[in-house]
Each structure stands twice: as structure tokens, then as C-alpha cells.
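Chemist: Take this structure, written in C-alpha cells, and hold onto it; I'll ask about it next.
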Amino acid sequence: MYLRVFLSLLLFSCHRGATSGSGILRNQAAARSAGLSSNTTLTMTMPESSNDECDRVMNRSAADRCAFVKSTPDCTMADGFINYLYTVFCLLPPNLTPLTITLCIIWLLFLFVILGLTASKFFCPNLSAISSTLHLSHNVAGVTFLALGNGAPDIFSAMAAFSHPHTAGLAVGALFGAGIFVTTVVAGNVALVKPFTVASRPFLRDVIFYMTAVFWTFLMLYRGTVTLGETLGYMSLYVVYVLTVIISTYIYNRQKYSVNTSVQSVTHIPEEFHSSDSSDDDIPCLTGGTIQQDYDSEYRPLLPYLESTSHILLSSLNPVDHRKWRRKSWRWRALKVVKTPLEVLLLLCIPVVDPDKEDKNWRRPLNCLHLITAPLVCVLAFESGAYGEYMIQGQFPLWLLVLLLGLFLSAIVFCTTTNDCPPKYHPLFALLGFMVSAVLISAAASEVVSLLHMLGVVLSLSNTVLGLTLLAWGNSIGDCFSDITIARQGYPRMAISACFGGIIFNMLLGVGLGCLLQMVKTQSDVQFESEGLLTWVLAGSLGLSLVLSFVIVPLCHFHLGRTYGIFLLVFYAIFLVIALLTEFGKIHTVST
């Protein structure tokens, strides 16, 4: 992952500054690199001939499975804190396998909650604060930082899956499966909830770019190899998409301004609410900060008072809004009870800067504590804890050095700031929060990939079908609820734009960065080997759904009604049935 490259360079520079005896870490990295580069044919493959040797463990007797897992390299996952295959086949008795699978699925749901909470509560707000600090326009921030925030779980999951040859099918299945799910199920529900006329030019633009990305990915799978130049060109397609969005919006605004120069509006209402390009503007995000400020000011005391430092710390760690708690349903309360311990832990580790608030969410005692916990979490979670055990010159642990540096910085900040006034360097906490949340999302995504690999082995399912079902559903369920909620609130154009725009980012960056990092590791081109007919069913179904939308929507004069919504839901149901029948061998190619 690209964050790993950055943090590796950062930690390496720290090691060289502290000591010249960093040979242990370099030897470990060299050993890993040698182990990967020694296999010149298997880089990022979805093996069909070898069929992932670890899958054969279920063909052995219960007594021999543990020895097989220990002796088979494919059963050893470098990423992840837990070796799930070793846990299932070596630590737990065979008669508890059904219970183990049930617990693993519950743990998988918990990991998805971690991904969703970290992305929505910490990753996205800090990205928004960074974009505000850099004074980026809403269009640029929407197709860059906002897209990265919304697609972080998908992108990190894809890169984690691409990092190992025998889990690359998870990434292909997840990206294609999520694409079909979002563009059919989510878009269909939006049309059912709020029939509307879609913005014509943004819709055609997004569909055309998405079809191009899908076709390019299909060619990569069909050719079976990808060079460095092709990978860079593949990723540059998203740069072209961003430039197209910016240029088209600029041209449209210039045309609108020239038309309205002679007309003075009596009520100054932004015309983006009524224009055909309104889906390019994030309307709720533009107005949400003002509404929240007005809402908070209603409960603000008339006379100012000074809170104690301990009271500020305790209130900052309370994720429950008592006003919201009273008016929410019991289902929301039950889910909140489950998520509250996790939110408290994340609040202890990740700072959040909110530019919409008057104090920018400055919490002096908590932010000083973040200078201790945030770097420590990065060291312990980065590379699945590999740096947590590193010893400088074999004597001084790295995590202790980070802890001491954090204590020193925290003491300086605490002594030079006040509770009621954020310092000038407060926006730097947004960068720190972005880095910590990205590391945690990366660690959780690696754990999800390792867990799904184990479930695929135990249940005798291919990685592709696990990717297009469990991984795609888990990463897309948040988008489903948020887009439907936005549509119900009266912004269906924005919801349908999010269905297509975000998926483009996830596919181009997920596949592109995965291939690029694998090339850096192996110093060779990336080789793809399809998992058979299921991959082509997946790619063909996604391409067909986009082509049908590209044809049907203009024929309906860009009006998305309930008939179109039902059509999309039926299409996804048919696709899912065909994919499962293909997975279980009911549909197969005829050999001559």
C-alpha cells in the first residue's frame, strides 16, 4: 500500500538517525523481497493451474490438516494479526468448525464496522479539513478527497488482496461485484424511493468513463499481463476524469454567468439546485456546517463559562449525543451501544479537525493525548505489528522511543496552549488524524482479506465469489444506506452521481495501486490468470449493466422512474443467480 511506502521511508530515516545498526529490519525486508522476487511467474495471479495449494487442505483428513497448513506456503498470510487457517485447523478441534465459522462471520461484521466508523467519523472529516485548509473548490474536493474518503475501505481492501497472489481474486470480485451492486441495487433503490430526472451531462460523463475503466480492466485480464506503462496509463484515466469534471464545471459556470449577467435575481438562491449539473455540487455538505452551527448555538449558554481540563477530556470522549439519543429508534440505540466502546477507543487515538465549528474541534487535553497515542498506534498497527517488535540496536524498542517523543511533544503543546483557543498549527492535527485513520483502515482491510481467504478455504469457495458477495456487500452497504437517505432528503441527483463517480475512483485506484505496488515488490510485470468462467461472467455483467443504462436512460429522456428501478434490481438478482450457478459448476464451458 502506498502508505506503507511512505511510512517505511519515514521509519527508515528515523532508524538511521538514531542508530546505524538497523540491519535487522533491512535483513527482514531483504528476505521478504527475495522471497517474492524468486518467484518470477507468480506476481499478482489468480491461479487456475495451481488452484491455490492451500485449498487442498479440505481434501486431507482432520488429523493431517494442521501439518498441511504448517508446511504449505500458500496457507501463510504475511498480513493480518491473526493466522486464521492455523487457528481453525491447529488450535481448535475439528468438531467446532461450524461454531468457528459462525464466530468468524461475526468478527467479519465487526471488522466492517471498524472500517465504516474509521472512514466516516475520522478519515472523511480530516480529509474535508485538509481540503478546506488548502482552499480547494467543492468539485475538486469531491472527486479527489471526498472520493478517497468514501472509497477508502474498497481501495485498501483491494490493495491488501492484490498484495498476495492467492487472494487477488478477492480484489477483482470485490471491485466488479461492488460496481454491479452499487450501479444496480443502490441506483435502483434510489429510483424507487425518489423518481426524478437525472442530470444528463454528468450521468453520460460518469457512465462513459466507467465503461472505459471496465473495458480496460477486461483487457488486462484477457491479455494476462500488465506492464508499468499500462498501469500508469490506467491510473492516469482517473486524472483525465478529474480534469474533465473541473473543465466541464468551469465551462458550465461561465455559460451560466454570461446568460445571467442581464438578469438580477431578487432572491439570491444558488442556481445549482436547479441546474442540470447540480450533481457536481455537494449540496448537503455545503449547508450542513451552517445548520449544525445554528443547532449548536441554540444550546450554547448565554453566559460563557470555563470548563475544567478533566471535564473537557471526559466530554470529548463521549460519542453519545443525549438529544439525538432521545429521538432515535430502539434499533439505532442498540447499534449505538455496540459501537460506543469502539468509538471511544478511536477517539482516544485519532484527532479530528472540524473547520465548520468555531473552535475547529480543538480539545486541548484530548489533542495532547493524541500526540502520544496516534504515533504509537501507527507503529503497532503498521505492517500488522511488524514494527512493534523492532529493537533499535537490539536493545531499545522502537515503540518506547515513539512513546517518549510523544510525551515530549504533548508536554510542549499542553504548556503553550489554552483550552479555549486553538493554536495556529491546529490544522496539522488533521494530517495526523488522516495518517492514523489510514493506517487503521489498512490494518482492518488486511484482516478482512485474511479472514475471507480462510472462509474460502474452509467452505471451498473461490476468492472471486467471496469478493463479489461478502466483501462487496460489506464495503458497499454504507454507500447503499447513505445514498438512499440522500435521495429521500430530496437530492436524488447527488445520490445517483455518487453511485457512478465513486466506483470509478475505487476501480482505477484499487487495481492501479495494487498492480503498481506488486511491480515494485517483484521488479517485474504483473501476470494475471483468470479463475475461469466466473471472472468473465462478472466482467460481462458489469459491462452489460452499464451499456443498458447508457442506452435506456437517454431513451427515457433521462427520467429514472420505478420501472427502471425494478429493472435494475431484477438484473442484479439474475446476475447473482448466474454467478452462483457458475461457482458451483452448474454453468460451465463446453470443452471440444
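One is the number of the first residue shown, and numbering goes on along the chain from there.
Backbone N, Cα and C atoms are what each Cβ position is placed from, and that goes for glycine too.
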Chemist: Quick check on the annotations: TrEMBL lists transmembrane segment for one of 334-353, 494-513. Which range is it?
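Modeler: In TrEMBL, residues 494-513 carry the label transmembrane segment.
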Chemist: Which listed range (99-119, 234-252, 396-416, 563-582) shows the maximal number of Cβ pairs under 8 Å with respect to the transmembrane segment (203-222)?
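Modeler: Selected stretch: 234-252, with the most Cβ pairs under 8 Å.
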Chemist: Could you give me three numbers for the domain 'Sodium/calcium exchanger membrane region' (106-246), the DSSP helix, strand and coil residue counts?
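Modeler: Output for the domain 'Sodium/calcium exchanger membrane region' (106-246) reads 125 helix, 4 strand, 12 coil.
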